[in-house]
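Everything on this sheet refers to the single structure shown next.
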Amino acid sequence: MNSIPSGPVKAPVSGRDRTVIYLSILTALFLAALDQTIVATALPRMVEDLQGIDRYAWVATAYLMASTALALVYGKLADTYSRKVVTLGAIGLFLLGSILCGLSGELGDLPLLGDGMTQLVIFRGIQGAGGGGLFAMTFIVIADLFTPAERGKYQGYVGAVFGVASVLGPVIGGLLTDRAGDWLPGVEGWRWVFYVNVPVAAVALWFIVRRMPRLEPTGERLPPDLLGSVLLLGGLIPLILSLQIDKRAYPWTSPETLTLFGVGVVLLTAFVMRSRSSPSPILDLRLFSNRVFRTANLTTFFFGAAFMSVTIFLPLFLVNVLGVSATRAGAALIPFSLGIVTSATLAGQIVNRVGYRSQIFLGAVLFLLSVVLLARMGPDVSYWVVTVYMILAGLGAGPSMPLLTLATQNAVDVRFVGQATSASQFFRQTGATVGAAIMGTVLATTLGFAFAEIEMPTAWAEGPDTPLEELVSTGGADLPERINSLYLGMAEAAATPAAASALTAEGVAVTNQIMSEVRGAFSLASSRIYWLTALIMLVAALLALRIPELPLRTTHDRVG
């Protein structure tokens with residue numbers, strides 16, 4: 001496959017329209033990026049109102065499945081139909097999903113849709129279908145608006161958008177959840193987390209309708225392979241489910257997990273075979289013969305796995321080992337986001353002078369260093385030292401998303417820019433899913449063995465029926481109260497005041513000892529997770545060195 005295409009040099013859009021379109025698409029992307037963090041903040045209140053704690057994780061899983069499964073489909077659609085039409089479709093789906101999420105449970109139980117919590121899960125899937133399209137189409141439209149030589153700067157701003165959304169999301173989510181209910185009595189505050197998307201996205205939609213040209217794809221355009229789409233979606237959904245479902249209820253060796261995994265592998269194998277023979281495959285497998293495409297996407301996969309490991313498990317360490325509040329634990333991710341904003345923006349500004357490979361490699365090395373430092377943390381580490389580590393992690397992670405995508409776009413034939421761009425998103429999200437599943441298994445296994453070795457007081461066997469593993473699964477938040485209550489009960493039944501006092505003191509000592517062991521278990525689990533993450537980042541860094549450095553094209557890929 002040709003790495004540098006020949007073609008027209010005239011810009012499809014110029015002047016003020018280009019700026020307006022760019023800002024409009026960034027606004028829509030900001031909403032989709034913000035949605036991922038803002039919903040996480042409001043989710044406990046949603047679950048409380050809709051009475052669906054058993055489906056808590058599915059609210060995030062539904063969004064992830066839809067956005068990941070449809071990433072490649074959006075790329076093919078963008079290479080077949082007008083970019084404008086596909087972009088509007090993605091924004092429309094995101095808006096529809098937002099409105100429906102806000103309405104979840106308002107009409108009671110509905111046929112086929114179930115109760116309010118089930119409705120929320122289904123509607124989050126619709127929202128994810130639109131949000132995933134926005135991620136892919138943002139990079140594709142930027143490729144239409146700017147030459148590869150210009151593109152790094154503008155794709156760097158995309159990384160900044162994600163960073164700002166990560167910082168603002170928890171704050172806005174908390175404010176809307178706690179305060180927005182006062183704006184319109186009778187409407188719970190958490191519903192505004194979704195409704196707030198409507199006016200902002202509508203403005204972006206209006207500017208895109210009015211100012212964006214159709215941006216028709218170049219080359220031959222055959223209809224997308226419908227059977228291939230079905231096989232792709234049918235394979236990815238059970239595969240992602242097998243990784244995401246609760247492994248305490250469905251272990252890796254359970255029939256349910258193995259069946260889902262097996263069905264996913266079989267259907268994805270069928271998808272690959274179909275793609276080899278289809279005249280218009282969802283993902284043209286010839287792209288993998290391109291060394292830049294192949295190596296950059298492998299690097300993206302490992303970056304995605306490491307990125308997710310850092311963001312998910314750091315708050316767990318801070319809460320359960322250092323004992324900080326959930327608010328302070330979440331705030332520790334703000335320096336990480338600010339580091340991403342800084343380095344992503346800077347990387348885009350200088351890529352035309354220094355290239356992409358060296359920046360991706362140096363970022364990977366810095367990220368690797370930060371993860372090694374995180375792996376060496378113990379119960380005595382300072383919160384502010386952790387903050388410094390997270391700044392380093394953010395500075396290292398920042399260049400990866402915009403520059404890996406840029407390298408891929410710059411290397412492929414312009415006919416495949418949509419597929420190549422969406423493939424980058426697909427591999428990043430797949431890496432994140434696999435990384436979260438593997439690290440979750442490491443966490444559960446380490447804690448399981450550690451908790452089994454904790455010696456509980458003899459009276460515990462005659463006391464509460466709750467297994468120790470369940471009490472410490474979230475850091476043993478109510479374990480001290482349980483043990484103290486046990487000893488207080490024994491003290492009240494003591495024959496003498498001296499015996500009662502001794503039992504009370506013993507209860508305090510036993511509680512402190514057991515909680516120290518619990519903190520040690522979480523510290524050990526976190527260390528193992530981050531050492532494994534460091535190994536993943538070492539692979540990513542070595543792969544980054546193998547990405548060929550191609551000159552950035554100074555011509556546009558197409559004419560409007």
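Including glycine, each Cβ sits where the backbone N, Cα and C put it.
Quick look at what TrEMBL annotates:
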- 21-552: domain 'Major facilitator superfamily (MFS) profile' (DOMAIN)
- 20-43: transmembrane segment (TRANSMEM)
- 55-73: transmembrane segment (TRANSMEM)
- 125-146: transmembrane segment (TRANSMEM)
- 158-177: transmembrane segment (TRANSMEM)
- 189-209: transmembrane segment (TRANSMEM)
- 225-245: transmembrane segment (TRANSMEM)
- 257-275: transmembrane segment (TRANSMEM)
- 296-317: transmembrane segment (TRANSMEM)
- 329-348: transmembrane segment (TRANSMEM)
- 360-377: transmembrane segment (TRANSMEM)
- 383-406: transmembrane segment (TRANSMEM)
- 529-547: transmembrane segment (TRANSMEM)
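Regional average pLDDT for the domain 'Major facilitator superfamily (MFS) profile' (21-552) in the model is 85.
When Cβ distances are compared across the two stretches, the transmembrane segment (383-406) makes contact with the transmembrane segment (360-377), since 3 or more pairs at least 6 residues apart fall below 8 angstroms.
Sequence-remote contacts of a segment are chain residues at least 6 beyond its ends whose Cβ falls under 8 Å from one of its Cβ atoms, and for the transmembrane segment (20-43) they are 13, 56, 59-60, 63, 87, 91, 94, 98, 124, 127, 130-131, 134-135, 137-138, 141-142, 145, 154, 157-158, 161-162, 164-166, 168-170, 172-174, 176-177, 189-190, 193, 197, 200-201, 203-205, 207-208, 211-212. Outside the transmembrane segment (257-275) by six or more residues, the chain places 225, 227-228, 231-232, 234-242, 245, 247, 250-251, 281-285 with a CB less than 8 A from a CB of the stretch.
Between the transmembrane segment (55-73) and the transmembrane segment (529-547), the number of CB pairs under 8 angstroms, six or more residues apart, is fewer than three, so the stretches are not in contact. Below 8 A, the CB atoms of the transmembrane segment (296-317) and the transmembrane segment (225-245) form no more than two pairs separated by six or more positions in the chain, fewer than 3 in all. Beyond the transmembrane segment (125-146), the same-chain residues lying 6 or more positions past its ends with a Cβ under 8 Å from any Cβ of the stretch are 11-13, 18, 21-22, 25-26, 28-29, 31-32, 35-36, 62-68, 70-71, 74-75, 78, 83, 86-87, 89-98, 100-101, 154-155, 158, 194, 212, 215, 405, 409, 417-418, 421-422, 424-425, 429, 556-558.
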